[in-house]
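Written below as structure tokens is the structure these notes are about.
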């Protein structure tokens, strides 16, 4: 007999960008939809797609590239919505480390990565820039990329601008150094992708659960949309409510990460067709997807109008970079008005 319970697995320990999920819980938005949501945290973030794909968990969060790879590896998952759209992702390093904007300056360096796909990405980039995998030392860091850079265990590592880069900036501030000494070689530019969409954070479902419980998923997403609208309308008030529930995030670092995540929150929750096409192509280029792979996403369970995609995604990325730098300097909550 079907119940109203859903198990939901985060992609990491609670972070600033998980705020819509927890507020949907604490503000009763799930309950309004007749749902009982069990929010779970992974022991190992790399296990998320396997746990959802195997049916041990109903739904969860994962980045686009991992969602694609999971289905290709036999774990039946589908993206039903977006949480964080195109956060800038790249190779992070500190000024003075001997690394420059020239990718070949990474030769002989220790480079950290989160999971196996990070290693595949770095290997593909080294090949593109005339290097070999043996020209650098790969270090698997999990979610500790910034920590390892600070401790000197690695020279550089893959991270995202609104999370690990902010962590490096906070470290620099405590050292009396400018935050701008935290640098990033953006992977979208290095790999000529035209977007940072491979790290878009998605709401994903086990396929069998989705097939049997379409209305549950629709109701879940309605609650998430209401919580997202609440966050975007009053981010300061929303944050106060979030840290009341998650006091471990009541610190300057988490608040600054939240400010930097704010512009990336998907207001519509829609999967962006162009982004999926690009990342599916990128996955085939990395040989983690077969040539005939069909993207595993749907917008069928979103019950509000789909927005038009931006006409010039490269210009949108350029404007977002300027916007995020301004946010770093001023510490404000502002959304970017992208060109139509």
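Every residue number used here counts from 1 along the chain in the order it is shown.
Every residue gets a Cβ built from N, Cα and C, even glycine.
Annotation comment: Swiss-Prot describes 66 as active site. Annotation for residue 66 (active site): spatial neighbours 48, 49, 115, 117, criterion Cβ-Cβ under 8 Å with sequence separation of six or more. DSSP assigns residue 66 (active site) to a helix.
Among the features that Swiss-Prot reports, pyridoxal 5'-phosphate binding site is placed at 115, 116, 117, 118, with the record citing similarity to another entry.
Sequence-distant neighbours of residue 62 (N6-(pyridoxal phosphate)lysine): residues of the same chain at least 6 apart with a C-beta under 8 Å from its C-beta are 11, 48, 49, 52, 70, 77, 201, 202, 204. Here Swiss-Prot flags 62 as N6-(pyridoxal phosphate)lysine.
The motif 'CCCFC' feature in Swiss-Prot is assigned to 195-199. A mean pLDDT of 79 is what the model gives for the motif 'CCCFC' (195-199).
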Other residues, Cβ within 8 Å of 115, 116, 117, 118 Cβ centroid (pyridoxal 5'-phosphate site):
46, 66, 113, 114, 119, 120, 121
In three-state terms from DSSP, label residue 116 (pyridoxal 5'-phosphate binding site) for me.
helix
So what's near the motif 'CCCFC' (195-199) in sequence-distant terms, Cβ-Cβ under 8 Å and 6+ beyond its ends?
63-65, 85-89, 160, 186-188, 272, 274-276, 278-279, 282, 313, 317
Out of 115, 118, which of the binding-site residues is least crowded by other Cβ atoms within 10 Å?
115
